[in-house]
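Asker: Dropping a structure here in C-alpha cells format, bear with me for questions.
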Amino acid sequence: MIDLAPLVRRLAGTPLADWANGLQAQLDTKMAKGHGDLQRWQSALDALPDLQPERIDLIDSFTLEAECNGETRTVLRKALLGLSPWRKGPFNVFGVHIDTEWRSDWKWSRVSPHLDLKGKRVLDVGCGNGYYQWRMLGAGADSVIGVDPNWLFFCQFQAMQRYLPDLPAWHLPFALEDLPANLEGFDTVFSMGVLYHRKSPIDHLLALKDCLVKGGELVMETLVVPGDVHQVLVPEDRYAQMRNVWFLPSVPALELWMRRAGFTDVRCVDVSHTTVDEQRSTEWMRFQSLSDYLDPTDHSKTVEGLPAPMRAVIVGRKP
C-alpha cells in the first residue's frame, strides 16, 4: 500500500488540504482495480536491494551514490530492467545508468533557466515516471505532485522513491480529469507533452488554470508547427506514427489560445527541433523510436510527410 499520510501532512494548512485528505481513499480504490502487469512490476520493485544514498544530486542530473558492490549492482540492474521500457530520464542509480529513450535532461536544461521554483507547490500533469518531478525538487520546489494514469510510470516512480522516501514528491496514478474542479492550490503547473493528445486543447488550458493559485504560472510544452497565428495542423490520421495527435499549433497560435484561456504575460521561452540523439531506442527502451517515425530520406518530415517534431515551451500567468 502507498501511504499518503506524508502528503496530507505536507499540504495541511494549504488550499489543497481538503483534497489531500481524500486522496488515500481515491488511490486505494484505483489500486484495487489494478492492472494486468502490476504484479510483475511489483515483483521487480520487491527485488530492489536495500541501499542508502550517501550522495544525492537532483540539481545537475538524477544521481544517487553509495557504496555498492558488483553483486548488489547486478541485482539492482536486473530489477530496474524488469520495469522496462524506460521512456524519460536518464537516471544514475548507484552506478546503474538507466539510458532512457528520451534525454529528458536536455529538455530540462532548456526549460529550467526560465523558471523560479523555489518554495513553490508544483503540479506536473502527465508526469510520466516522475523524472522531472525530481529535477523540480532539485530546482528548489517545496513539493511536487505528479499525475499520470500509466501504471508502469507509477511503478518506475516508486522505484526511485524507494531510495528517496523523505523527499516531498508524490506520483498519483490519476488523469487530470480525476482532480476536482477549481483546486486553485498550486503555484506552478506543468503540462509537457500532453496538449497534442487532447481533443479539446482550450478545455485543457482552462483545466490547468483551475489548478493554479492567483498569480500562479503555467509551463506549457507541446509540439508546434511553423507559421503565423492562423496556422494549426490537424493530422488526417497519424502523426509520427502516433494515432492520438489532434492539434499542433504554431507558436503564435498557441500564445493566442493561452491568452483566450485567460493567461497573461504569455511568452515563448524555447523552440527546438527534436533530434534522433534526444529520442532514440536503447537497451532500456527496445521499441521503435524517433528515427523510425521520420522520413528516412528527409528528416525534416515525418513518415507521413508532415513537419518533423518541433517543441515549444510557453509560459503564462493566471491573473
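Just so you know, glycine gets a Cβ as well, placed from its N, Cα and C.
Below, the features straight out of Swiss-Prot:
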BINDING   Lys88, Trp102, Lys107, Gly126, Leu176, Glu177, Met192, Tyr196, Arg311  carboxy-S-adenosyl-L-methionine binding site
Asker: For Lys88 (carboxy-S-adenosyl-L-methionine binding site), just count the other CB atoms lying within 10 A of its CB, please.
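Answerer: Other Cβ atoms found within 10 Å: 24.
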Asker: If you count other CB atoms within 10 A of each CB, which of Lys107, Arg311 wins among these binding-site residues?
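Answerer: Highest number of other Cβ atoms within 10 Å: Lys107.
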Asker: When you measure from the Cβ of Met192 (carboxy-S-adenosyl-L-methionine binding site), which residues in the chain that are at least 6 apart have a Cβ under 8 Å away?
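Answerer: Counting only residues 6 or more apart in sequence, the Cβ neighbours of Met192 (carboxy-S-adenosyl-L-methionine binding site) under 8 Å are Lys107, Val111, Asp124, Gly126, Tyr132, Val219, Met220, Glu221, Thr222.
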Asker: What count of other C-beta atoms do you get within 10 angstroms of the C-beta of Leu176 (carboxy-S-adenosyl-L-methionine binding site), across all chains shown?
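Answerer: Taking all protein chains shown, Leu176 (carboxy-S-adenosyl-L-methionine binding site) has 20 Cβ neighbours within 10 Å.
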Asker: Just report the maximum Cα pair distance in Å for the recorded carboxy-S-adenosyl-L-methionine binders Lys88, Trp102, Lys107, Gly126, Leu176, Glu177, Met192, Tyr196, Arg311, no decimals.
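Answerer: Output for carboxy-S-adenosyl-L-methionine binders Lys88, Trp102, Lys107, Gly126, Leu176, Glu177, Met192, Tyr196, Arg311: max Cα distance 26 Å.
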